[in-house]
Amino acid sequence: HRKHYESHPYVCDVCKKGFSFASQLRMHQNRFHKKYIVWNCNMCRYRTPNKWDLKTHIISHSGERNFTCELCGVSTKFSSSLAVHRRTHSVPTITCPYCPKEFRENYLLKCHVIKFHTEEESL
């Protein structure tokens, strides 16, 4: 039995059929068990049924930041993150009525006012 295992080290986790090559296992899974395919990150425990999601996830492990804002130089790993960042340059700000601090979202202004401009009630 040991010799058989060594010649078929790639085993389908659904039906336990063994294959000599990883490519054979992938072809088998695509043909017979497509809904069971799980892509695993080799750097952490992340698992996904979608190969594209795994590729995107693997980028998160690298230190590379290939997308740079031309206005301020901030760099991001993903183009979608850069798109979100760029909005910070165009979203109007709200100025605190009690000090010059500015906020891009109303709820942040409210938190600021409560924390810094509301007097504590004496006990």
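Start at 1 and count along the chain as shown; that gives each residue its number.
Glycine is no exception: its Cβ is also placed from the backbone N, Cα and C atoms.
Whatever TrEMBL says is automated annotation, not expert-curated.
Lifted from TrEMBL, the feature list:
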DOMAIN    10-33  domain 'C2H2-type'
DOMAIN    39-66  domain 'C2H2-type'
DOMAIN    67-90  domain 'C2H2-type'
DOMAIN    94-122  domain 'C2H2-type'
Key: Non-local residues, at least 6 beyond the ends, that sit with Cβ under 8 Å of the domain 'C2H2-type' (67-90)   = 56, 59-60, 104
Task = Determine which residues of the chain contact the domain 'C2H2-type' (94-122) at the Cβ level, with the cut-off under 8 Å and only residues 6 or more beyond its ends counted.
result = 88
Request  = Over the span of the domain 'C2H2-type' (67-90), count residues by DSSP class, listing helix, strand and coil in order.
outcome  = 11 helix, 4 strand, 9 coil
